[in-house]
Amino acid sequence: MALSTLTWVSMLVSLLLLPGVAAAVLVRSLRTEERKLALLREQDDVDSYSPRALSDLREWIRANPDDPYSPIARRRYNECVRSLRAIDEPHYDWSDEQIARLELVDE
Amino acid sequence: MSDSDPRTAREEWGSRFGFLMAMLGAMVGAGNIWRMPFTTGENGGGAFLVAYILLLYLIAVPGLMAETMIGRYTNYGVIGAFRKVLGSKRAQGLGLVVLIVNVALMSYYAPIIGWALYYAGHSILMTFTQPGFQPQAFWEGFINNPALVVGMHTVTMAGLAGVLVFGIRRGIERVVKWMIPLLVVALVAVSIRGITLPGGMEGVAFVFTPDWGYLTRGSTWVAALSQALFSTGLGWGIALTYGSYLSRYDDVPLGGGLFTAIGNTSIGLLAVFATFPVVFAFGLEPSAGSNLLFISMAQVFPELPGGSLWAIVFFVSFFFATFTSGLGITEVAVTTVSEETRLSRTSAVLASCGAIWLFGLPSAYSSAFLGRMDFMFGSFGLPLATLSIIALVAWKFGPERARVLDLNRNAGVYIGSWWNPVVKYVIPVVMVFILGYGVYSSIGTVNQRLMLLGVAFMAALVVVSTLVMSVIGDEPPSGSAAVPGGDD
């Protein structure tokens with residue numbers, strides 16, 4: 001039985017949006033983890049937030065200084081900044097200039 | 001290890017692959033193998049898939065991220081996570097609700113694993129291709145033999161206990177790393193075989209030819225919503241529990257959300273490919289529900305070239321799907337019992353599996369009782385548990401705080417602020433809608449009394465759990481931050 005064009009499109013889109021994405025995510029997740037582990041073995045530490053994620057965290061700390069979770073947020077922020085200063089190769093896409101501009105926050 | 005990461009000597013996953021397979025294994029279950037194919041077929045084929053994929057990406061993926069994140073952040077099972085975030089003895093009652101719903105769900109899921117095991121065993125014995133094999137009589141002979149069904153239920157719980165007693169890394173991870181890839185390979189093999197059967201492409205056409213008229217029907221969207229939420233295991237406490245064994249360096253959004261939800265659904269889609277071509281090639285009834293698997297499919301193998309082998313591939317992979325889900329569901333109870341009672345892992349496994357075995361006896365004994373349990377806990381218990389977990393993240397921890405503090409920490413993909421309103425408003429509204437729809441659609445039907453009983457039972461469960469935990473619950477651990485309110 002020949003399938004109609006619409007059926008083919010429907011089937012292929014389903015395959016791309018589901019198994020295709022799942023396979024891509026699996027590969028990416030495993031590769032990311034492999035790289036993270038290699039960096040950890042070499043440097044004994046790894047940056048924990050991407051530039052955008054750390055920027056969000058900084059904004060949140062500024063906006064919520066009295067939040068009960070603020071001390072944890074500050075520790076995590078500083079932990080990431082210290083890691084970035086100490087390690088040779090960051091996990092995320094940080095430039096030297098971006099790292100140089102980072103400042104610790106009061107804990 | 002930093003002081004911001006208050007870990008105990010808690011076990012962690014041995015590898016990323018192990019965690020991903022465990023999450024996938026826990027979510028892929030009986031519902032994916034038999035429910036997804038006929039639900040797709042009944043609701044407009046390709047049109048249903050459009051609705052389903054939209055809801056999956058919009059609700060299930062962000063929801064699973066939230067559940068996994070709160071597990072990794074708190075490093076506790078369901079009761080401990082509520083205790084750590086809410087900081088009051090009474091509020092831990094919601095964690096107890098999640099635990100009780102989970103145990104109830106497992107109590108009637110365990111007999112179903114037993115059914116799958118029975119069929120997998122008989123496929124290996126080549127029963128289905130013996131001359132004169134009668135699928136209907138075989139099924140009825142099994143399901144109407146309480147000793148046999150209870151026996152399989154007992155073997156199932158013993159098997160689950162046997163794996164769980166070895167822990168996360170040496171038990172669950174070691175098993176799922178084999179079972180899930182084998183399940184996928186088996187489904188791909190059956191799919192290819194089905195599509196190449198004469199008439200098999202009609203099944204593909206039936207499923208994937210979109211009937212856009214279905215997109216205007218409310219029932220299509222409700223079916224898509226149920227499939228997207230319940231088959232991905234959101235709110236069962238599994239993602240929370242498995243997430244609590246993640247290392248601080250692990251990623252939550254990719255593994256805990258995207259891969260789990262979409263991988264799980266991909267297996268559902270594979271099941272569609274594996275089932276429907278065969279159904280159409282042999283002229284079976286596509287909307288036969290559970291009978292499709294245990295009766296209709298069983299009658300195919302004697303007529304299929306190499307039928308004995310295909311029966312083994314099909315039923316053993318179905319058993320793998322159900323068994324790995326059983327591991328995930330039972331681990332929720334094991335982790336919580338172990339944490340809350342300070343019992344050793346072995347004792348916690350024996351206590352949890354023993355309780356589930358005992359509570360599962362009525363469902364094993366009577367499939368009518370099993371159906372009633374499924375109606376009550378599937379329609380009302382599960383949305384309640386999901387609502388509790390999502391409310392914990394959305395309304396107490398706060399989605400923005402969760403996102404910046406933990407979800408994006410060591411994450412492979414950046415999650416933007418779009419996540420906040422989805423978790424805070426969309427998912428809770430959807431869960432309330434599902435609860436309401438369950439009530440509304442039962443009014444005036446034979447299920448009305450059962451619905452009233454279910455609603456009353458769930459309301460009582462919340463009240464009693466809250467009272468019990470206010471008496472026996474532990475005070476929040478020192479240093480843990482109980483949050484006075486949401487953050488946005």
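The backbone N, Cα and C atoms fix where each Cβ goes, and this holds for glycine too.
As written in TrEMBL, here are the features:
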type     : residues  : note
TRANSMEM : B:17-34   : transmembrane segment
TRANSMEM : B:46-66   : transmembrane segment
TRANSMEM : B:93-118  : transmembrane segment
TRANSMEM : B:147-168 : transmembrane segment
TRANSMEM : B:180-201 : transmembrane segment
TRANSMEM : B:221-242 : transmembrane segment
TRANSMEM : B:254-273 : transmembrane segment
TRANSMEM : B:309-329 : transmembrane segment
TRANSMEM : B:349-370 : transmembrane segment
TRANSMEM : B:377-398 : transmembrane segment
TRANSMEM : B:418-440 : transmembrane segment
TRANSMEM : B:452-472 : transmembrane segment
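Only sequence-distant pairs (6 or more apart) were considered; of these, at least three Cβ pairs between the transmembrane segment (B:93-118) and the transmembrane segment (B:147-168) are under 8 A, so the stretches are in contact. Here the transmembrane segment (B:147-168) does not lie next to the transmembrane segment (B:17-34) in space: the count of CB pairs under 8 Å, restricted to residues six or more apart, is fewer than 3. Between the transmembrane segment (B:377-398) and the transmembrane segment (B:221-242) there are 3 or more Cβ pairs closer than 8 Å, counting only residues 6 or more apart in sequence, so the two stretches are in contact. Segment contact holds for the transmembrane segment (B:46-66) and the transmembrane segment (B:418-440), given three or more CB pairs below 8 angstroms at sequence separation of 6 or more. Of the Cβ pairs linking the transmembrane segment (B:17-34) with the transmembrane segment (B:418-440) and spaced 6 or more residues apart, fewer than 3 are under 8 Å, so the two regions do not touch. A Cβ distance under 8 Å defines the sequence-distant neighbours of the transmembrane segment (B:452-472), meaning residues of its chain 6+ beyond its ends; these are 79, 89-97, 100-101, 375-377, 379-381, 384, 438-439. Tallying C-beta pairs under 8 angstroms between the transmembrane segment (B:221-242) and each of B:180-201, B:254-273, B:309-329, B:418-440 places B:254-273 first. Highest Cβ contact count with the transmembrane segment (B:180-201) among the listed stretches B:254-273, B:309-329, B:349-370, B:418-440 falls to B:309-329 (criterion: pairs under 8 Å).
Panel annotation: around the transmembrane segment (B:309-329), residues 22-23, 25-30, 32-33, 102, 105-106, 109-110, 112-113, 116-117, 119-120, 122-124, 126, 128-129, 156, 159-160, 163-164, 172, 175-176, 179-180, 182-183, 186-187, 189-190, 193, 233, 236, 238, 241-242, 267, 274, 293, 297-298, 301 of the same chain, lying at least six beyond its termini, place a Cβ under 8 Å from a Cβ of the stretch.
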